[in-house]
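Record features, source TrEMBL:
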| type | residues | note |
| --- | --- | --- |
| DOMAIN | 3-30 | domain 'C2H2-type' |
| DOMAIN | 31-58 | domain 'C2H2-type' |
| DOMAIN | 59-86 | domain 'C2H2-type' |
| DOMAIN | 87-114 | domain 'C2H2-type' |
């Protein structure tokens with residue numbers, strides 16, 4: 001890769017990729033939402049966020065009809081109907097649909113309070 005990050009060594013084929021990557025190190029978030037002011041590292045993240053303000057929910061679950069603003073949220077919801085439990089406890093092998101459920105469960109083993 002002709003463009004390499006001097007801070008972490010990650011390589012990029014194009015200068016734009018490196019420029020965008022550098023914002024991870026600087027903390028710069030150059031794409032603010034005009035509706036609420038929340039800032040993003042990438043323009044695509046801002047565009048994805050903006051559907052929250054339009055009320056548009058383009059992702060619909062065929063199993064239950066629930067609709068979602070974001071594809072990632074829709075895909076996570078789909079795990080419930082599909083019976084997918086990709087998050088496994090390393091202590092007891094119990095599996096969970098969502099990472100936050102696994103993290104809550106792990107408190108049983110560590111004794112940590114919420």
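The count begins at 1 with the first shown residue.
Glycine is no exception: its Cβ is also placed from the backbone N, Cα and C atoms.
Beyond its flanks by at least six residues, the domain 'C2H2-type' (31-58) meets 20, 23-24, 67-70 of its own chain at Cβ-Cβ distances under 8 Å. Taken through DSSP, the domain 'C2H2-type' (87-114) splits into 12 helix, 4 strand, 12 coil.
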